[in-house]
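Enquirer: A single structure is presented below for examination.
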Amino acid sequence: MTPGVGLVSVLLLIIPATTYATTPTFSVDYHRNCFLKDGEPFRYISGSIHYSRIPRVYWKDRLLKMYMAGLNAIQTYVPWNFHEAVPGQYDFSGDRDLEQFLQLCQDIGLLVIMRPGPYICAEWDMGGLPAWLLKKKDIVLRSSDPDYLAAVDKWMGKLLPIIKRYLYQNGGPIITVQVENEYGSYFACDFNYMRHLSQLFRFYLGEEAVLFTTDGAGLGYLKCGSLQGLYATVDFGPGANVTAAFEAQRHVEPRGPLVNSEFYPGWLDHWGEKHSVVPTSAVVKTLNEILEIGANVNLYMFIGGTNFGYWNGANTPYGPQPTSYDYDSPLTEAGDLTEKYFAIREVIKMYKDVPEGILPPSTPKFAYGKVQMKKLKTVSETLDVLSFSGPVKTLYPPTFIEMNQAFGFVLYQTVLPVNCVKPTPLSSPLNGVHDRAYISIDGTAAGILERNKALSINITGKAGSRVDVLVENMGRINYGKGINDFKGLVFNLTLGADVLVNWTVYSLSVDEAVSKGLLLASGSSSTSSTSTPPPALSPPTFYTGSFIIPDGIPDLPQDTYIQFPDWRKGQVWINGFNVGRYWPSRGPQITLFVPAHLLSTSVQNNITVLELEASPCSSGSCMVEFTDTPILNGTVNGQYKRQLFNKQDLF
Ligand SMILES: *[C@@H]1O[C@H](CO)[C@@H](O)[C@H](O)[C@H]1NC(C)=O
Ligand SMILES: *[C@@H]1O[C@H](CO)[C@@H](O)[C@H](O)[C@H]1NC(C)=O
Ligand SMILES: *[C@@H]1O[C@H](CO)[C@@H](O)[C@H](O)[C@H]1NC(C)=O
Ligand SMILES: *[C@@H]1O[C@H](CO)[C@@H](O)[C@H](O)[C@H]1NC(C)=O
Ligand SMILES: *[C@@H]1O[C@H](CO)[C@@H](O)[C@H](O)[C@H]1NC(C)=O
Ligand SMILES: *[C@@H]1O[C@H](CO)[C@@H](O)[C@H](O)[C@H]1NC(C)=O
C-alpha cells in the first residue's frame, strides 16, 4: 500500500463522518428550559392547519401565508377515520396525501408538530375515531379495551412508520409528536392505555423522538393526561392568566420549555348557537404575554378550513358543528388574510424575524349569481338508484353501523299497524333518533323528530299506510364520554303505546348516486310544481341545476360561496363533490365555501341538492345563489349558549 492510497482512504472516511456530525437533532433542554434544535436553544411559534379541511390544491398557499406571518412551525392532526374508512383499507391519496403535505411544509421552511391521535377531538366526526369501532357495541374507546387497542395497534403500525421518515432527526420537518389528545379531560383515566400508546410510539419512532401530551391548564386535567416519559404541555386561550396556566404545567414539568399547544385566536361554532368571535385585541394581548416569557405557542386554529361532506363533529348537549370551520382564525376558511393575521404578525415581529417578501394575496372570489334549480324525485321515490344492496328486513330498527353505513342517511320503512284517525303520537321515548328523522306517511311529510329537541309528533293515517323515516347522521360527538355515538334509530319508535315493528331498512349510497349522475337518469318527479304556497314540510327531495362559467372574464374559475335563500336544511354537491350541510333556517352559517378547483370552465357545472324539509320551489322561486362574500354569523334559531374557550362547557 502506498502513502497516496492511504490518504484517499482517510478522506473517504472523513466525508461520511462529517455528514454524521451534522445529523439534525431536536430535544428538550431541561437545564435551560427550552427546546434544543441542532444543539441551539429553540422556541417555536406555530399555527394549526388541518390538511383534511383544506383542498390539496390550496395547501401550499395556506402554508406560505403561515410562513409569511412569521411562524416557524405548523401543527396538524391526523384523523384516523379519514384514512381508514374501512378496516384495513388505507387511503393516503389526493386530499389525504399526508406525505405530500409534510413535504410541502419542509419545502416552505416550516417545522411540524404532529398530532397523530389515535383520538384527536378537533370538532371532527367522533374525534377522528372510525365509526366501525362501534361494531363492538360495548367497546370502551380511548382505554385499554383489547379490541380498541388491537385496532389502534394496526393503524399506528401503518401511520407511525410514515411519520418516522419525516422526523427532524431523519431529515424531515417533524420536531415533536403528541400522544393522544387532552386525555386528562376523558373519564376513563386509564394509565395502562397511555402507557401502551407511549410504548407503541417509542417502538416506531425511536428513543430520540420528542413525544408530548397536551391538557387543559389545570391540575385536574394534567392528573390523568400526563405520563412519565411524555413531555406535558398545556392549552389555554386569550384572557387566561398566563402565569397561573404555566404554573400548572410546571407542576408536572418542573423544568423544560413552557408550551401552550392550543392558544385560541378564535373559537368553534354549533348550529343554532351564535357565531363565535374572538376580538383581535384579546388575542394579541395574551399572545404577547406568552411570547414575552419565552414560551412556545401554537395558535389553534391559524386557518380552520371546512368540514366538507359529513366530517363535522358534535358536542354535548348534542350540538353538531356547522360545515364551516372558519374558527374566526387569522386566515379565514377560504385562506383570506384578516386584520387579525396582520396584528399577530406584528406581535411575532417583536420576538423574531418575519420573512420579507410578497405576501400571497387572498384568492379572488366570484359571484356566479343565481342558478335555477329543478325538482327531481324524493328519496323514497329513488331507492332503486340509492340503495344498491336493497333493503334489510328486521323486527326492530338497526343502527347505521349494524347496516354497515358510517355517514349520511338511512331510510327506515314500516306501515301503520292501526288506523290513526285522531292525531296519534309517533315518538322516540328514549331519545333514540340520532340525529334527525324526516317522517312521511304515504309520501306526505308528517313531521320531524330531532335528538334532544323533538321526541314526539302527532300523525294520522290508515292502517297499512307506509311510514318513511329518513334518518340523518348530523355528525358524531367528538368530545367527552358521549363519543360512542351510534346513529340511526338507536331505540324503538312507538306509535301511541306500541313499539313499531317490522322494518324495511335501506342503506343509502347518496354520494355514489350523485357522483355517478344516477339521480338525473332517474328523472324528475311526476307531481308538477305549479305556483302554490310552499308547504310547511315536504318529504326529503333531490333538486338539480347547472350553470356555465362566463367567457371573457380572466382568471375564472374563482372561489365562491353558495347560499340557499328560503331553503331550509340539506346537503349540497357540486360536480359530485359533497360540499357539506346547509341549514340557514337554524344558522349561524349561511354560505358554504366552494373552492374553485371544483368548478369547470369547459363544461356546465352541476349542483345537486338534497333538501330535507321544504324548498321554495313550489312558490315559483327555485334558486340557489353563488356570492363572493361569506356569511357565517346569520341569525340563529336556538337558545343554547356556550362560553368561549371553556371545554367543560362542551361536555
Ligand atoms: C395570575 O396568577 C398568578 C399566579 O397564580 C397570581 O399571582 C396573579 O395574582 C394572577 N393575576 C391575576 C390578574 O389574577
Ligand atoms: C299531540 O296531540 C295532543 C292531543 O291533541 C297534544 O296534547 C300534544 O301537544 C300534541 N303533540 C305534539 C308534539 O304536537
Ligand atoms: C325494542 O323493543 C323491543 C320490545 O320491547 C325490545 O326487545 C328491544 O330491545 C327494543 N330495542 C331497542 C333498540 O330499544
Ligand atoms: C310483523 O311481522 C310478523 C312476521 O311477518 C307478523 O307475524 C306480525 O304480525 C307483524 N307485526 C305487525 C305489528 O305487523
Ligand atoms: C355536468 O353534467 C353534464 C350532463 O350530465 C355533464 O356532461 C358534465 O360533464 C357535468 N359537469 C361536470 C363538471 O362534471
Ligand atoms: C356579521 O359579520 C359582519 C362582518 O364582520 C358584520 O358586519 C355584521 O354586523 C355581522 N352580523 C351580525 C348579525 O352579527
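Each Cβ is built from the backbone N, Cα and C atoms, and glycine gets one as well.
Pulled from TrEMBL, these are the listed features:
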SIGNAL    1-21  signal peptide
DOMAIN    35-350  domain 'Glycoside hydrolase 35 catalytic'
ACT_SITE  Glu182  active site, proton donor
ACT_SITE  Glu262  active site, nucleophile
DOMAIN    397-508  domain 'Beta-galactosidase 1-like first all-beta'
DOMAIN    540-601  domain 'Beta-galactosidase galactose-binding'
Enquirer: Tell me the coarse DSSP state (helix, strand, coil) of the residue listed as 'active site, proton donor'.
Expert: coil
Enquirer: Between Glu182 (active site, proton donor) and Glu262 (active site, nucleophile), what is the CA-CA distance rounded to a whole number of Å?
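Expert: Per the Cα atoms, Glu182 (active site, proton donor) and Glu262 (active site, nucleophile) stand 11 Å apart.
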Enquirer: For the domain 'Beta-galactosidase 1-like first all-beta' (397-508), DSSP counts of helix, strand and coil?
Expert: 6 helix, 57 strand, 49 coil
Enquirer: Using a 10 Å cut-off, grab the number of neighbouring Cβ atoms around the Cβ of Glu262 (active site, nucleophile), all chains included.
Expert: 25
Enquirer: Based on DSSP, tally up the residues of the domain 'Beta-galactosidase galactose-binding' (540-601) by helix, strand and coil.
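Expert: Its residues divide into 3 helix, 26 strand, 33 coil.
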Enquirer: Let me know how many other Cβ atoms fall within 10 Å of the Cβ of the residue listed as 'active site, proton donor'.
Expert: 24
